[in-house]
Amino acid sequence: MDTDLFSTLFSTQNVKRIDSSGRDGQPAADNWDKRAPEAQHGQPGLHGRSAGASTHGAPASDIRVHLTYNAKEPRVVQVAGQGTRQGQHWKIYPDEDLRLVAEGGDGGRGGRGEDGQAGGHGRDGTSGENGTSGEDGEDGGSGGNGGYGSSGADGGAGGNIYVTVREQDADLLLPLMFNVRGGKGGPSGQHGRPGAGGKGGRGGNGSTWTTEDGEVHSSPGGASGRNGEAGKVPDTNLTAGRAGRNGSVQIKVVQNDGTEITYPSLYCLKVVGFDIFDENEDGINESGEHLLVRNIRVRNTGHMPSPKQRSIQLLIRETGFLCPVTTEPLYLPQDIRPGQVVHLPGTLRAFIRHDWTERPAGQALRYEERGVTYIQYPLKLDPPKYLDCVAKGNTVRACWTLHNNSTKSYGGSPRRAAATKLAETDNSFNLSHATENSRWEVVIEISRMEPGSAMTIEQDLRFDENVLEFTDEYLMLNLLLSDPSTGVRHSVVRHQMPIQISGLYSLSPNPSFLLVVNSKTPNHAIHQITNFVRHGLHTSLDIFNLSLIGWYKSPVTGNNVLRSYQGKSIIVFGNSFPFFDSGRRSPWDLFDPSLVGVLAQFRTSLLFAAVDAWASLEVFIAKAVFPTVGATSASTSQKSTKKLVTDLKKGNMEALVTESMPAHRIPVKKGLFSSLNSTTERAARSAAKRLNRTMPMRRFKPGKEGGIIICEGAPKNSQIWAYAGPFTEGDNDDMGDFHMYSIVSCIPFEVKTRMLWNMAGKTTEDGAIDCTALYSGLEEFCCSSISSGTSAKVDAKVLSALCLSIQFTLTSEIYRFTSARPGFPDPIPSSKKLFHLPLTRHFLSAAPTGGQIAYDATNTTRLLVSTLGTIHAQANPLGVWQSIKGAFFFLGIRKGQLTSALNQQLFAALASTCSPKVAARVKKDILEYSKMVKVKIRRHRAIRGPKTFFDFGKAELAGLLPKMVDLSEINLNSKALGLIEFETHVREMLSRKEKVDQMEAEAKDKLVALVNPVD
């Protein structure tokens, strides 16, 4: 009987077993005691030992039983043993099956031969002395042969099962199951591996001596020994064991007249077809209704007829959703012949249990039974369309669509009642359709929905102006449907609608920081960053919510919002988020890559915080550090690369600060013996090489388009950082130290420089510095309350982070310049080398004059010492070898030529800042600190890796920062592009721009449709 949807009088919850199976064969013995893997010096290896033999599986014995009804217990099957089981009895109850098992035993597995022992290595010959020759090395020993494995053993034969039953009791055969298979053959073993031959010993060295007359003589060394031969593999063939013969089943039916008929297997009744009807004829099988099964077709796929004198009962099988009506069974016809199909009149019913689980919108109740039968609700609610980020005080619209998937009308009397309910949890919304009695929920009754129709419902939401910014509020949308049997209405679908309450963007008069967030940025992280910048650094912070505006267009200026923060600090929260109908996106997916290069030229600090998609960020930065589309049309003309370099030098080595990335076109003439294409490619490669040598701190990408187009990218000392690490939610708005360090690192370098020199020499008890002193000359960076005289301090942790971030920046700039190998002669003269380090030069030239810094080992002077000491360590040779290489210009080592000029300016800055006595003491401390840093740089340097402060600095920060990356390291050197590469690069950027424009257009349409007043 098919048991997927239907069951018979007997079930299969429990199984009793009569087993006469044969025992499995024993595996071959191959457990060897361990011995040395290699023989002694020069000795042959031992042969591997052979595996033992496995044993065959035992054959099963026969089973003979007789079935009758138990005279005292109706519906209980009495099983009586016969033959060797004479006198044994079993009872099979209605909830049990009987399994008769007569399996042959499986053959034992074959064994594995032992591996041969490796031959011993030959001893090395002794070296000659006093005129004697070196001794020959000893020959290596031969390896031992692999041991013989053994084949698998045969499986045992299956047994025979004999079942006797009277004709009137043939229905008792239904709960029987049989297994008479033969035993499986044992798997083959394998031979052992041969041992390797030993290596021959090395010959001894000869000797050398000098005679009295001064002549030098030598004796020859010894010959090396021969390698031993490897052992051999046994050549016998190993096989798996053969499977045992299957047994047989014989069913003996004793007729009423005493004659016997024997069958080779049971009857097997299989439901081959049926039709399902829903109770209320709306085309939907729904919870609370009855499932109706009619037109059932049954085939006998066995080899004997079904019982002639008793009918077999048929019911729907009970499942998680179906409860059969057991008082209304159907009975199969008697005597169904093998292969015959019969049609059953009548109907089977099963109650569809209630599903009290509220499912999200769009996730329908859909339970499938074999057939296929769908259990679902007649009405389907799509996920609502709404904005997941809304400004407080604004009004927006939410809408949802309801579908009638049935063949009947729903809603209103006298039809089944249906409604949707929208409710809030925190009383933060005003619902347009709410009533005085239920201000916090709206129930919209469905008046009438025709079969196959859809209905869209809209609801306006106004958000309270007193709600705290950057909090999550929740709406709950429910589909209410009355029960088909009781009429009681209950919720069948529920959708939670989280909404982030955001503040509106405004541009501060003197902005210092811009924080870019989105609807999935953790609110506690926003509060922590806001609290630290405004109350820890005491400066201004603007917040731009990308999910609220839809793109990077400023509602204040009408331009890209990032342009208002050129030369400032921009923090972009790096989590992915759902961007309207465009799927999940990262914030940089909507960036203009060329704008990043422009921002870098304006010394803008850019930080990607808590990044969760590193691969896509690195791909974006690789495009952003070099210019993109527009280079061909906005380029200036130059006669040659040499002329371009000369003009760039006139700009005092600084990148040309423009509103777009600079590009230069250089014509190329066809060579005498080459094509224009090859001449142009050669010229592009030559230009890239020249620019790398002469402008080591600037990025260029020479491409070809008829002539050479040299595109300038972001400077190599750009401040573009990213880090990973979650913001921990706590009872207050304090953030972790690594978040604090990352934000301090994002302060513009010129501001950090002034802060460091301002705090040097200021003595405090707790290490904190008063804002008035720290921000002297930085009144625009300091917030208005501080500049007006209010007392406030910056914590000592912040000051330490400030110094460490300056050390990272300056040592990276110095290393990138000195690590380049320009060849000989260096196109940059020694007197001009310091001009290629604009940040280092600015830092040293910003030192105050007048000798006002006092020395105190416990005050902030030590922070200045650590910063100057780190710069000195990176700029000076780390060891003797670097000192030697730096002394020879033809080796092309720039550090040796830079050291003198940088040391001179460093100590000149110190002399102007401190009195002579203090300067001498501080200089001594700087040199000692520099020595310590050099040792740690060498200690933390990777094998053959760069000798830079960066690895040591990261090790110092390892306890704070899970992962921090200097993104300006990507595409560090100038690179030449062929025509195909250049065109591919331009096409990729055009394609990206089209995608961004499309996403922005879709976002705008969505905002207009949902009445976002920000638009």
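Each Cβ is built from the backbone N, Cα and C atoms, and glycine gets one as well.
Remember, predicted model here, so these are calculated numbers, not experimental data.
For the region 'Disordered' (17-58), the residues of the chain that approach it from at least six positions outside its boundaries are 65, 79, 85, 90, 98-123, 138-157, 159, 183-184, 186, 189, 192-193, 195, 198, 201, 228, 231, 241, 244, judged by C-beta separation under 8 angstroms. Annotation source TrEMBL lists region 'Disordered' at 17-58 (among others).
Residues or ranges marked as region 'Disordered' by TrEMBL: 78-152 (among others).
For 109-126, the entry in TrEMBL reads compositional bias 'Basic and acidic residues'.
According to TrEMBL, the feature compositional bias 'Gly residues' maps to 140-152 (among others).
Note: the compositional bias 'Gly residues' (183-206) comprises 0 helix, 1 strand, 23 coil (DSSP; helix = H, G, I, strand = E, B). For 183-206 (among others), the entry in TrEMBL reads compositional bias 'Gly residues'.
If you look up TrEMBL, you'll see 183-243 (among others) marked as region 'Disordered'.
Among the features that TrEMBL reports, domain 'DUF7932' is placed at 269-369.
Within the chain carrying the compositional bias 'Gly residues' (183-206), a Cβ under 8 angstroms from the stretch's Cβ atoms is held by residues 22, 24-25, 27-28, 30, 38-39, 42, 45, 48, 51, 54, 57, 103-128, 133-158, 218-234, 236, 238-244, all 6 or more beyond its ends. The DSSP breakdown of the compositional bias 'Gly residues' (140-152), given as helix, strand and coil counts, is 0 helix, 0 strand, 13 coil.
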